[in-house]
Amino acid sequence: MDLYDYMAPTTTTEEDDEEGYEKLKEEMGSALNNLTNGKFGLFWNSMKEKSENFLDDTKGKASSGMQQLKSQLEENIPVNSAMENLRKVEETAGSFWSGFGSTVNGFLDQALQISPKEDDVSTPTHEASSSVFLNRHERQLLELVQNENTFTQIISEPSHGITFESWEKEISIDGKTEEISLLLEEYPDLRKQMESLVPSEVSYDDFWKRFFWHKEVVQPIKAIQSGNDEEEIFSWGDERSDEEESDNEQVNDEKKQSSEEDTTENNSAAEVIDETVNDLESAVSKGLQIETQPASHDGEVDGEVKEEEENKVSSSSNIEASQSSLEVKDEANRKVDDDDEDDDDWE
């Protein structure tokens with residue numbers, strides 16, 4: 001059976017087409033005639049003419065197509081050959097669209113590929129590198145985050161005399177929204193735990209209350225009981241207190257050292273002043289002794305009187321110098337006392 005015989009039962013004859021066309025034409029003409037009596041008569045008359053022309057044109061094209069199909073079928077072309085040609089056409093079309101799709105996908109992949117910024121290459125994260133240094137409290141926090149029991153296990157036992165029931169009354173999860181956001185951003189494992197457990201196994205409030213209970217109560221107490229140094233006992237707050245204490249101690253040492261140096265210099269100056277005063281007092285003492293000695297010869301009275309007057313002038317000068325030295329000494333001693341008082345006040 002050829003293709004024409006296969007299609008023949010579903011095709012109509014030319015007589016059937018002619019009869020159907022005439023019938024359709026009559027029905028449309030009747031409908032249009034009824035409409036022309038109304039308000040849109042002119043419009044429908046125009047539509048009627050165009051419809052008749054369209055039907056005539058369609059009829060002609062349909063008849064021409066049927067004639068061509070019949071002529072091709074009458075050439076006795078083998079069905080297998082026709083099917084083979086059809087298969088080749090399908091393969092060619094499939095190959096074309098497959099290659100076209102690959103080309104488009106490759107182009108889109110290149111267009112959508114975004115190079116990472118240079119600033120982002122060296123940014124350390126908890127997921128990117130396992131060599132990131134973790135201090136003690138960060139390691140403990142990771143242990144809490146990765147342990148599912150932290151969030152699912154009901155807390156019934158107190159921790160160092162503190163009960164969970166009394167503690168949770170004083171905590172507000174709504175007040176920790178900002179801290180929770182920072183924790184979720186910094187620790188991806190914590191976000192995974194929340195997405196996995198909330199709300200299927202535990203409520204949102206219970207999830208975070210149990211987490212903060214272990215984070216703020218249990219872990220710090222464990223650190224104290226283990227006998228670790230104060231530096232390793234984390235309070236989850238400001239971690240710069242130890243550094244500030246170290247800086248303060250260093251500043252105190254420097255101040256003490258500077259004060260000791262000032263005291264040494266003041267003592268040295270006081271010793272020098274004492275020696276100078278002693279020399280002046282000795283010189284004054286000698287001058288007074290010369291003044292009180294009696295004359296041994298009458299002929300030498302004028303010379304002795306003159307020498308005595310010179311000695312008085314010298315003694316007077318020495319006394320003034322001694323008084324000035326004593327004033328300098330007193331001033332130095334007052335300065336030393338003031339420095340000592342400042343050191344006592346500072347300590």
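One is the number of the first residue shown, and numbering goes on along the chain from there.
In case you wondered, yes, glycine gets a Cβ from its N, Cα and C as well.
Just one residue in T12, T125, T264 has phosphothreonine written against it in Swiss-Prot, and it is T125.
As annotated in Swiss-Prot, phosphoserine applies, among S241, S296, S314, to S241. Checking the candidates S63, S122, S246 against Swiss-Prot, the annotation phosphoserine falls on S246.
Candidates S71, S235, S316 were compared with Swiss-Prot; the annotation phosphoserine appears at S235.
Under DSSP, residues within the domain 'BSD' (167-219) fall into helix, strand and coil as 41 helix, 0 strand, 12 coil.
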